[in-house]
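> Sharing the features that TrEMBL gives for it:
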- A:7-27: transmembrane segment (TRANSMEM)
- A:56-79: transmembrane segment (TRANSMEM)
- A:56-251: domain 'ABC transmembrane type-1' (DOMAIN)
- A:91-112: transmembrane segment (TRANSMEM)
- A:132-150: transmembrane segment (TRANSMEM)
- A:185-210: transmembrane segment (TRANSMEM)
- A:230-251: transmembrane segment (TRANSMEM)
Amino acid sequence: MKTQRIGAWIAFAIGAIYFLVPLIGTFEFSLRMRRGEYSFDAYRVVFSDPNFQATFGYSTILGLMTIVFGVLLVVPTAYWIRLRLPHLRPIVEFITLMPLVIPAIVIVFGYLRIYNSSSILPFTGSRRMTDLLLMFGYVTLSLPYMYRAVDTAMRAIDVRTLTEAAESLGAGWPTILFKVIFPNVLSGVLSGAFITFAIVIGEFTLASLLNRPAFGPYLQLVGANRAYEPSALAVISFAITWFSMALIQLVSRLNKFKVPSV
Amino acid sequence: MAFLEISHLQKSFGTNQVVKDFNLSIEKGEFVSFLGPSGCGKTTVLRMVAGFEVPTSGTISIDGQDVVNLKPNQRNIGMVFQAYALFPNMTVAQNVAFGLRVSKKSNAEIDATVTEMLDLIRLGHLSDRYPYQLSGGQQQRVALARALATKPQVLLLDEPLSALDAKIRVSLREEIRAIQQKLGITTVFVTHDQEEALSISDRIVVMSEGRAEQIGTPFDIYNRPASRFVASFVGTLNLLEGKVDDAKKGVIDLDGNRITLAQPLSGHKKGEMLALALRPEAVTIDPHKARDTAIEGTINDVHFLGSVIRTRVSLGKNSVSLDMFNNPGSPPPARGEKVRISFAAKDLLVLGE
């Protein structure tokens, strides 16, 4: 028993070292901009860079749009699959997993081929339309996480009986979806939303090849041309991801009502 | 026409026909229970009345209006589910108010109705609680209040007591009946528990394999079962096999004993085997309580159950189970002891198929 516990601690320590040492190294390096002493100069440079503000703002707005569109797409789909079309569940699960198997570069080349300026749907013909196309791409990339988060939350409630109870009380579909189902899967929706946000903030391939001023390409550009700032940006990116994950935890703990166990 | 009229209702799932030519008329204010084993189609009929299942054929009308083509939210029906189905994100008061808000009642009316309903179920002091903060019995009472708040034409209860423990079941079923009688609401109650159905219903529909085997008052269902299934499903029953001796006079041969039944056996021939039933409480081995028919038998089994002693008496091919109250002054009968059982011939039921 004691040997097993020691083994587990060793495995944990190796994992922690593997994860933390490069991170600590990166953080330490990001503080060395001023010769001979530690400072936050690299962070000051990054935060005062107008390109940082512009690209981060752009990605944030796109991230929020992706979340809204993704939620409107995924929640009704997961609900309907659970309620009326459970036999289609494996197919939908397969489709939502596709973005994990198909690289983003393949997706974006497909987009450029189908939605180029001389096609029937010329999404790449203008900036706004390209932004829209980029958002659709982000929705696709975040689909595996968003769908699973929402579906898991729906598994915790008896969707069918709650729907029937609401129907017997005179409620129509919009009321059932937004007043009964949505509040009860909110923790799942928010989990999916924060993961989506983290994906959008760090995504490079789609934004770069669609030539949009997002945070991912900015990270790459700075990384290729500066010494200390890329390390500061890497730490900032990690901080954003951790912040999102902390919010997921917070939301699931602060839920003032509990869903019944099924 | 009855208030709730179900005519020639059929339902099939693929090739599996789960409800077969179901007919029922329920008067306004009546409390009717659907009783039957799992898979007999009772819940499917209820769900068709609620609008959650579409009948393959047949009609359902409420207060003269055909509701088959109406959606569930257009039928003005209150439903209580086995799993409570309270909305977890809403408090008790919000749950009860849900239907009223959907029908866009004024805030004053909603508040008044919610207070009235919570008083009815005696849970006014828990109006701010969430469902997870309530016990199962309390949750089901809130579900009942929620279903009644919109003043539905018909109240449907789908095994509402099945998830509760025995004590709560008894008190809640009495509460449901009292509320139903107070409001005079037409109610359909689905259960597989015969005691539940017998104790609170005006009429019972005993169902088997998608059909209504018998429809009648609890007294009729228990004392005059129309078929072997009803007899065996409702209450404990001794199933016996006799031979017709004289059909016109109603005489049968039961393990060599000639017994004259209360009525002639029309439609039966001499020598034909006959399925008979006898309730345990109709039989006695106490000579002081002897009835018009007596048969010699041997005690096969004796089970001491505390206040009751359950005894099994072999008559030959047949055997009869009977219950006696425990008498501390006299020891229970012993196995192998010869006894004389007696019963009234009118209590011997001739069963149909």
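A Cβ is built for glycine as well, from the same backbone N, Cα and C atoms used for every other residue.
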> For the transmembrane segment (A:56-79), give me same-chain residues lying six or more residues beyond its boundaries with a C-beta closer than 8 angstroms to one of its C-beta atoms, as numbers and ranges.
92, 131, 134-136, 138-139, 142-143, 146-147, 150-151, 154, 159, 177, 181-182, 185, 189, 192-193, 196-197, 200-201, 207, 212-216, 218
> Compare A:7-27, A:132-150, A:185-210, A:230-251 by their Cβ pairs under 8 Å to the transmembrane segment (A:91-112) and return the stretch that comes out on top.
A:132-150
> Please give the sequence-distant neighbours of the transmembrane segment (A:230-251): residues at least 6 beyond its ends with Cβ less than 8 Å from one of its Cβ atoms.
23, 26-27, 29-30, 42-43, 45-46, 186-187, 190-191, 194-195, 197-198, 201-202, 219, 222-223
> Counting only residues 6 or more past its boundaries, what in the same chain has a CB within less than 8 Å of a CB in the transmembrane segment (A:7-27)?
231, 234-235, 238
